[in-house]
Each structure stands twice: as C-alpha cells, then as structure tokens.
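Listed features, source Swiss-Prot:
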ACT_SITE  Lys69  active site, proton donor
BINDING   Asp9, Lys40, 67-76, Thr132, Arg190, Gln204, 224-225  substrate binding site
Amino acid sequence: MAELVIALDYPTMDAALATARALRGATDTAGDAGGRLWMKVGLELFTASGPEVVARLKDMGFPVFLDLKFHDIPNTVRGAVRSAVATGADMCNIHLPGGERMCRAAVEGLAEGAAARGHGAAPILLGVTVLTSVAPGELPGGADPSAEAARLAVCGREWGLGGVVCSGYEAAGIKQRCGRDFICLTPGIRPAAPQRSGSGDDDQRRVMTPAEAVRAGSDYLVVGRPVTGAAGPDGPAEAARRILAEMRGA
C-alpha cells in the first residue's frame, strides 16, 4: 500500500508542528490503510529550524522525510547524508545529476550514519530525477522529462540508491526497468477537483491525483498545500483522510 507524505513547507517550526499536531487525527486512518503518515521537512523549514524540527516530529510519532536534495562534491555529500541520518530522519535524498561518484559517496554516508545511529530501520536514500515543476520543453536541449527521469533512475539503481523521486508519469516505466522493489516517491499530487485548494496547480506541472499515482505504481505520495492549506482546525486531518481513502480505492 502506498504511503502518504505531508509536505510541511513552512517558514517556522511552530507552524509546522501545529499542522503536524492537527494531523494526528489522520494517523488511525493511515494505519487502517496499511501504511503510515509521513512528514516532509524541506529546505525552507530545515534552514529556519535545524535538526530540532526533525526530533520534534519524531517525538510525535511520525516518520520523517528530510528533503534537502544534496548536490555537491562527493565528500561533502557523503558527510551531509551522514549528518542527515544523525538527525533521526527516516528518508533523505540527493540529486542524481551529481553523478556516479557523488551518489556512491552518498550511499557510503548513509551506511556510516546508520551504523552510528545503531537502532531502528535503515534510512532510505532516494535520488531526485527531474523535478515535477519541470514541464515538457523546459529541459536543456529539449530533452523529454520522462525519458530523462527513466535514464537517471536506472543509473541510481546501479549506483546503490533505494529509489527515486519522480512524477507519477514515470513511475510505471521506472518499475519495469529497475524492479518492483525500487522505490518511487511522487510529488506533484493534487486531489480530484472538489478537494483542491489554493490557486490551480501552483508551481507543479507534471501532476496526478492520488488514485492515478497509486495505479501508476508510486510507493509514496507527497501532498502539501491541499492538506496544509485546508481551512479549519480539523481541515488538514479531514483532507488527509480523503486522500488516504482515494489511495485505498485506487
């Protein structure tokens, strides 16, 4: 069963934790669906709050995806991934275009961090293929986003990563080429029209509904504004429940 990841894209830790507390009411539903409700900490929130926000979310019982998309020289990325694991994060990511040496160094950093942590399940390391904000025709040289994502995913598999970040449009092809156990985490998830909130599809371009992404083979679905922007104190939990129900019905 695919699992739901809530993107806590906030400028402050207080705002992120308030939403996380509001989402506690959806965790029973997630458990009934056979999965867990994850929290995603991205660049804005982590830069503002540091490792404390990961620790606070873990204390609330949520698994955490630390979405920092490392892309630097191999030794720097190795240390960054090792430090990401030390925060207690259950999943982190790097940019696959950083190349083979960088990606293999990241895998080494993951193993070192897991050994130092010494408890719990080994964290998941994902490679970012093509951002879901990229539309066809926007890549250099006119490269096709889906073809480029598939090419990078095959490289990531060879270099030792556990999966990739990709749009739902690429998930089925990546599973065929890399195996069913190769994880596909999919951002750009937007609920069916009656549940949408905010202005259109915002900055996302290659979007799918939760049911479409599950049917395509995505293992983790990332949803932000349709949940975090839901009105009322019970709005985020209700929005998450509806998305989980759509995922179960796929």
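Placement of Cβ uses the backbone N, Cα and C atoms for every residue, glycine included.
On a predicted model such as this, the values are computed, not experimentally measured, just so you know.
In the three-state DSSP classification, Leu68 (substrate binding site) falls within a strand.
Set side by side, the binding-site residues Pro74, Gly224 differ in how many other CB atoms lie within 10 angstroms of their CB, and the most is found at Gly224. Proximity of the residue listed as 'active site, proton donor' to non-local residues of its own chain (separation of 6 or more, Cβ distance below 8 Å) is seen for Leu43, Asn93, Ile94, His95, Val128, given in sequence order.
Its Cβ taken as reference, His71 (substrate binding site) is surrounded by 16 other Cβ atoms within 10 Å in the chains shown. A simple way to gauge crowding: the CB of Thr132 (substrate binding site) has 26 other CB atoms within 10 angstroms, across all the protein chains here. Sequence-distant contacts (6 or more apart, same chain, Cβ under 8 Å) of Leu68 (substrate binding site) comprise Gly42, Leu43, Phe46, Ala80, Ala84, Cys92, Asn93.
Within the same chain, the residues at least 6 positions away from Asp9 (substrate binding site) whose Cβ sits under 8 Å from its Cβ are Gly42, Glu44, Leu45, Gly224, Arg225, Thr228, listed in sequence order.
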